[in-house]
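Q: Residues or ranges marked as transmembrane segment in TrEMBL: 13-33, 96-115, 135-162, 183-213, 325-346, 366-385, 405-426, 460-488, 544-566, 572-590.
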């Protein structure tokens, strides 16, 4: 076996250094965004100091609305209302989540501590009975600590993302007065702040946790990385509540605002007369930003944990090769530097000057980051891995070469790009599928719904093949470890992916603020162009999240099967087959709960918006102000109440199945939920995204075909709005939440595997 070129000291410096560089870069981007002032006085002062066009530019000397100080003031007021609403909701949500987090942490400690009867004596190692490992009681303690750390980091990721987005939305609106290029840069830089902050924080917290746990575990790397899996569990558990709660909030407000405002009252989107408009814009930040941030953090944490667990029982862990052991973290570290370079292409090297350049600029981010990352992974694989090593493969050790592991990461990386482009094809209004959905609106909303469903089903085909090829290649080369690093490959450019993803809701909010502030039609056209591109990139981000979730879940499933000492998972065994059926049903049950929750909340919202239009004199004429607070309260109350049952379903299923029916049935449940959950998630996300952009295609009227279907307020446009409202909960609530379902059940099963293997299957023991 060839030696490792990168010394352990180099690894100890490189990982935290890359994380710190990521944090500093995000702060630099935030500083540049902060130079766009929301105060007329500040703008005038800055102009005196920057007459030659530095990064600070006076907002009052713009192309649209010269010297209109009132616009700046209005934008600042609206931004404050959105920020306060989002902050208030997240504080309320996190209080409820904390009530869940504390008892669940106790359950982790009690279940894992009872494996050896809360003994403080060392135990025989699971995978090497010639060695002694640390007591199960201490693994329970450290797993609980890791769970809490993962949960807090996940919540912080979501909260920081929301704060950044609400800070940037009005600034994007104001920059749109200078041109679409200026607005694009502000929105993208703001997305980059979130992307780099989340990626760097997630990496840094995980690395520091490993170092601190190592002080106790010493050479017991098997126990160390088994305890670290709690970090992934905490991250995903919080992401579930963030995605479901935020998704219900945003879609209840969106559906209520659109159905009454656009369809019944024929007023523009985000019109300040609409009582649900503030709740709708708040929802973009708590659902699409905070929920998404927690979600992708959870994916990163779980893929890292899955790879580390398998590596700890391979030659890396057995021989205590620190650099090779932390290969997954090195991939993520280099990914931050690659994404930093990629971001400069959008912000500094090339300038967006026209609407038609927005979407290509975002697509180039994906292509450039993937190409550079492929080279970077090759270098990391060469310097951080021995030329030959062994990987744990269900009881045996499989010999692997370093170039094979590089190919595993690369196949995941490029599969992610393929999924992204296929998603773009099916959700962008520049291509035939979305235009067909728009065209179907000529005959009403029913045909829009039918075409949208068909598009969603069809969009599953190529991503599933891409995932299948990734799994086959990765497993053939490096068993379950190969699949885990393929998932990490897909997530290695997470900073760029998050920047692109966060850009969408920021642009959406910018359009809403422009409408509410009474800015000109040209400004709204610019923000709508940004938003349309953002819808597509958001769909691409969801595609990445779902694809990586499939690989992560399979890697976690493999680690669970190994830890639970299952030699084979035979689907012809009744115990496994019944689990397979139940697992395949769970995504449908979960989707039914989330869809109904959105429907119930939207029903209340529609009734309230109608009531205000009917009962408040002068509201339609614009002489009276609506009661925004009541609509915000409806969304908040509904989402907090309705997020609990779906969350309980996902969190309790592995505990109940593992305890009562045993590890074999649980393995069937995990496999079933993975297979059906991925397909439903892709279909739901793309169906909703396509319907949304079909509506925007008609509204923009940029082609002869679109102008024939429009304008706004036409029958075809109203049909598109109805189709969009049907698709909203699919793309922003059920679809994105499903990838958390399959990941969370898998990582929870892995964390509790020692308990299930020792005490599980109570029903079968006594039947």
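The backbone N, Cα and C atoms fix where each Cβ goes, glycine too.
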Q: Considering only Cβ pairs within less than 8 angstroms, which of the stretches 96-115, 135-162, 183-213, 366-385, 405-426 has the most against the transmembrane segment (13-33)?
A: 183-213
Q: Based on Cβ pairs under 8 Å, which of the stretches 96-115, 366-385, 460-488, 572-590 lies most in contact with the transmembrane segment (405-426)?
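A: Answer, by Cβ pair count: 460-488.
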Q: Short question: which residues 6 or more past the ends of the transmembrane segment (135-162) have a Cβ under 8 Å from it?
A: 86-87, 90, 94, 97, 101, 104-106, 108-113, 115-116, 118-123, 194, 197-198, 201-202, 205, 209, 213, 216-217, 223, 226-239, 242, 285-286, 289-294, 297-298, 301, 502, 751, 754
Q: Quickly jot the same-chain residues contacting the transmembrane segment (366-385) by Cβ under 8 Å, restricted to those at least six beyond its ends, or write none.
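A: Apart from its flanks, the transmembrane segment (366-385) reaches 4-6, 11, 323-324, 326-327, 330-331, 334-335, 337-339, 341-342, 345, 402-403, 405-406, 409-410, 413-414, 416-417, 420-421, 489, 492-493, 496-497, 500, 540.
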